[in-house]
Amino acid sequence: ITSSPHPPLGGSARLEPIFHDPSHFLDSSYPAWGLSWSLLEPAPVPPCETLLALCYQNEICGTDSNLYGMLLLQEYQIDIFFAQTWTDSRLRFNSTMKILTLNSNMVGLIWIPDTIFRNSKTAEAHWITTPNQLLRIWNDGKILYTLRLTINAECQLQLHNFPMDEHSCPLIFSSYGYPKEEMIYRWRKNSVEAADQKSWRLYQFDFMGLRNTSEIVKTSAGDYIVMTIYFDLSRRMGYFTIQTYIPCILTVVLSWVSFWIKKDATPARTALGITTVLTMTTLSTIARKSLPRVSYVTAMDLFVTVCFLFVFAALMEYATLNYYSSCKKPTCTKKKKSNYSVLDMRPPPTVITLNNAMYWQEFEEACVYECLDGKDCQSFFCCYEECKSGSWRRGRIHIDILELDSYSRVFFPTSFLLFNLVYWVGYLYL
C-alpha cells in the first residue's frame, strides 16, 4: 500500500492499493496466455539458445542394493536438479518487479524446451509434497526452469579389469524434435564441477571427477546438438579383498601344509587336498555370482582360476608321490607271473652286542619298494637310495621322488609369490 504521488492541495492524502500478486499481474499483462503459448517456440530465427546446468544430489549408485543392479543391468541411478535457462521475448514485461517466481501450475502455460535424456532407461520426477519444479521469469523475457529428477541411465561397463576397473558413466541429453537450426544447447559454464563431494554416498566407488562434452549428431531427421556429462568412477577394492582375495590366498597357503605331513599319512593328506579344492570351487562360484554373464575373463576370474590350479596341483603332487613311492608286500606265489621287477633293498642281517650277548637283527618284510619297468619310474625317477649311484644313472635324469615334498616346499610358495607380483603390478600400475 502506498500513497498517491500527487495529493490535492489542502486535501488529505488518499491511499490506493497496488497489487503485486504474480497471478494478478500475469492475468492483466498477458491475457493471451493459454494453451497455444505452450505449444509455440519463441522464434524460429534466430534459433532458441538454451543454457544447461546440473546440480547433483549426494547419491549416484549410492547403495549396495542398486550397485548389484548396476552390474547386472548395466545401469546407474542418479538424483539431480536439472536447470534450463532460455529467453522468450513474448514474456517481456514492464513492472517494478524484475523477477516473477511462479509455481508449477504455470509450467504448462509457457513454451519449454523438449529436452530428453537419450540413455535413460527410467526417469521419475519428484512430486512430494508438491511438484519439485521452479519457474522464474525476468522482465527481459529470460526464463529459469528447474526440476528434480531421479534417473536410471545406461552405462556400458567393461569388466576386463574387475574389480580394479574404472568407468565413465555418461548422462546424454538433447532436444527431441528441434534440430540445431532451431535450438542450440550450451553449458552455462565450460567445465562442470561437483559441489560437496564428501557427502556423496559411494560405498564401493571412488568419485574421480566430471567431464562434459558437446557434439552434433547427424540423423535422418536432421542434425541435433547432443550434450554429455561423464561421471568418472573407480571401484574400491576393500569389499572384494575381504570377500574373495584373502580367502583364496589363505586356501592356497593351507594346501601347502600337506608338504610337511608324512607321505604315509594318506588319509590326512588326501582329506586336506580335497577340502581345499572344494573350498576354492565354492569361492569361485560366489565370486562369479556378483558379475553379469560376460564371455571374457575378468581379473578376478584369472586370480581365482590360478589359485584353484595351485590347490589342485598340491593334491596332484601327493598323488604322484604316492604312486611312485608305493610300499607293498611282495607275494612269492605271483612273483613269476608279475610284470614288475622287484628289487629287494633290505640290508643284510646285522649283529648287535648287548651285555656281552649277541643278537641277530633282521628287518621286517613288511615293506619292499617297487619300481616299475619300462617308461615309468625306472626310466626317469629314482625311487630308492641305492639307485643314486652305479650303472642305473647312466643316460637317465636323476630325480629323487622321495624328495618331492622338499622340492614342493620351495617351488609352490615361490611360484605363487611371483604370480601375485605380476598380477598386482600388471592390473594396478600398467
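Yeah, the Cβs are placed from backbone N, Cα and C, and that goes for glycine too.
For the ranges 99-119, 141-161, 183-203, 267-287, the feature annotated in TrEMBL as transmembrane segment maps to 267-287. Comparing local CB density within 10 A for the disulfide-bonded residues C155, C169, the maximum falls on C169.
Only residues 6 or more beyond the boundaries of the transmembrane segment (237-261), in the same chain, are considered here, and those with a CB under 8 A from a CB of the stretch are 163-164, 204, 268-269, 272-273, 276, 279-280, 283, 286-287, 300, 303-304, 307, 310-311, 314-315, 317-318, 405, 408-409, 412-413, 416, 420. Under 8 Å from some Cβ of the transmembrane segment (267-287) lie the Cβ atoms of residues 243-244, 247-248, 251-252, 254-255, 257-258, 261, 300-301, 304-305, 307-308, 311-312, 314-315, 318, all in the same chain and six or more residues away from its ends. Sequence-distant contacts of the transmembrane segment (410-429), counting only residues of its own chain at least 6 positions beyond either end whose CB sits under 8 Å from a CB of the stretch, comprise 161, 164, 249, 252, 256, 259, 299, 302-303, 306, 310, 313-314.
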